[in-house]
Amino acid sequence: MSPEEEASAMADHQSLTQENADSIAQLEERNRSLAVINEELQLTFEELKAAEEELHERNQSLVAERQRYQDLFNFAPDGYLVTDQVGVIQEANHAIVTLLSVDLKFLIGKPLNVFIAHSDRRAFYQQLNRLPALEQIQNWELQVQPRQGDAIPVEVTVTCIRSAFGTIEGLRWLIRDIRDRKQTEAQLLEQERAAREAENANRLKDEFLAVLSHELRSPLNPILGWVKLLQTRKFDQAKTTEALATIERNAQLQAKLIEDLLDVSRILRDKLTLKLTPINLEYCILAALDTVRLAAQAKEVDIQTVFDPTVEVMGDPTRLQQVIWNLLSNAVKFTPEGGRIEVRLRRTDTHAQIQVMDTGKGIGADFLPSVFDYFRQEDGSTTRTFGGLGLGLAIVRQIVDLHGGTVEADSRGDGQGATFTICLPLTENSASSVEGLQPTASLSLQGMNVLIVDDDTDSRDLITFVLEQSGASVTSVTSAEEVLQTLAQTPHQVLVSDVGMPEMDGYELMRQVRTLPPQQGGEIPAIAVTAYAGDINQQQALSVGFQWHLSKPVDSDELVVAVARLGKPDLSGESQSFRTGIRLTLLPVYQPNTDS
C-alpha cells in the first residue's frame, strides 16, 4: 500500500472513528433524553392513572347520588313532575302516579292540564302564563282529577328550569295531596260552628229561662191577688164576675204555657203522636176562631174569612185546631187596634191551603228564617212588648210536618204585617168527620153514681162540685184503701181516680180493682186524672185498666163528657157530642184477662 493510500486510509479511519464517537455521543445523549422522557411519561401515566381512578370514583359517586335522587324522587310522599315549558310531562314519581291513578308509561308524554279538574283549568292556564315572569309559584291550591274517583285538592309549587343561556327548558312541579288537611280544616270549622251554636244556644237558653220565669210568674200575680181580695173583701156581682174572669183567664194562660212545654218535650223525644181521621178543615178553623174572637173584638181587630167549601184532609182535629189557634192568637197579639186579619181556606189539585194574614207588626228579614225555631222570639229582652215563650210556631211546624204538610212565613218587614201559609195533603173521597169540634148542648149526669179518689182536698172538692152540678151523685174519698172498701159496699157507675197518691198510687189501685169480681166493681169504668201529662202516662193508664186519661188542670166540660161517655155507653154522638175545643184522650175499653 502506498504511503498515500495508507495516509488516506488512516485519515478515513480517524474520520470514521470520530464519526462513531460522535454517533455514540449522540446515542448516549438520545438515551439520556429518552430516559428523561420515559420518566416524564411514567409520571404522566401515573398521574393519568390517578386521575382515571379519581374520575371513576367521581362517576361512582355521581351514579350513587343520581340513584339517591331517583329514590327520593320516586319514593317521596309528595308528587313530583318534570315537564317541558308548556306542561307536557317528562318525568313523574310514584306518588303522582298513585295520586292520579294512572300507570307511569301512560303519564309520560301527556299534558298536565288533562289531569286538572275542569273547574280549575282556567286558573291553571292563567298561572302557567304568569310563571316566566314570576320564576316560581308557591302554595297554589287547585284540584286534580284522577282517572277514577272524585277530584282531589292539592297544593302546588312550580319552578322554572333554565339553561345556561337563561332560556326556560322545563318546569319542576311539587304536588302535595291536602285532603287530610282540608278535612282537618273542615272539622275545625265545624267545631267552631258548633261552639258558636252552643254559645248561641246557651244565650237563648238563658233568655228563655228568664222569659219562662216571667211568663209563669206573671199570671200568678192577678190570680193570687184577686183570690186574696175575694177572701177578705165583699164585692158586688159585677166586680166578682170580673175578678173570677181574670183568675180564669190567667189560669188558662198558665195552663197553656205548661202545655206548650209538654208538647215540646214530646216533640224532642219523638213522642208526639196523631190520631188521624178525615176532617173538614172549615170546622177546625171556625172552632179556633171562636177562641180568639173575644180578644180580637177587645182590640177592634176585624177578622174576615174566605173558605172554599168541603176541604177535607186526613188529620188530628185537636192538633190541627191547635195549629190554627196558634197562628190566629199570634195574629191578634201582634196586630194593633183597628187592624185586620184575613183567614183563607182553599183547595188545589192535591193540597189544602190555609192562610192567616194580618196587618200587624210584621217580621224582620233577619229573624224570618228563625221564626219556626224553638225558644226564639224577635224581641227576647226584658223590655219586650209581647209575652209568650217562643214555642208556639215551633210546635206549629212540627205538627204540620207530622201531617205531611208544610208551613211558611212571609213578611215584607217591620210594620208590614205577616202571612202564614199551611199546605196539607187532601183526602180522596173521604167523608168529613168532625166529631169533637161541633158545639152541642151540655151533658146531664142525672142518676149516675160516681166515686172520686184524690188525696188533694182542693182538687177533690172541685171535681165533686163539677159533677154534682151536672146532676151526678158523688162519693169522694181520700185514699186507695177507701176506694176498695167503698166498692165492696156500694156499686158505682164510674171511678175518677188521681194517679199521684201516697201509699198506693192510682196505677196500683186500678190493678187491684181489676182483680175484683164484677159485683164488687171489678169492671167499673175508670178515668185516670194526673198532672203527668204525656203519652207514656196514657199508655201506663191503659195497661193497668183505665179507659180514659185526663191531664191536670182538668177542664170541667172534659170531665163531664168523659164521665158521661163511660157511664152511659149508649150515649148518641148526634144528640150529645163534644163541645168546641175540648181535647180528650179516649183509651180502649179494658178487657179482663180471662186466662189468669
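Just so it is clear, glycine is given a Cβ too, placed from its N, Cα and C backbone atoms.
If you look up TrEMBL, you'll see 24-72 marked as coiled coil. Summed and averaged per residue, pLDDT over the coiled coil (24-72) gives 83.
Annotated domain 'PAC' per TrEMBL: 138-190, in sequence order. Using DSSP to sort the residues of the domain 'PAC' (138-190) gives these counts of helix, strand and coil: 12 helix, 28 strand, 13 coil.
Per TrEMBL, the feature domain 'Histidine kinase' maps to 211-428.
Across the range of the domain 'Response regulatory' (449-567), the DSSP-based residue counts are 56 helix, 24 strand, 39 coil. The feature domain 'Response regulatory' is assigned by TrEMBL to 449-567.
Among the features that TrEMBL reports, 4-aspartylphosphate is placed at ASP498. All protein chains included, ASP498 (4-aspartylphosphate) registers 23 other Cβ atoms within 10 Å of its own Cβ.
Here TrEMBL flags 1-22 as region 'Disordered'.
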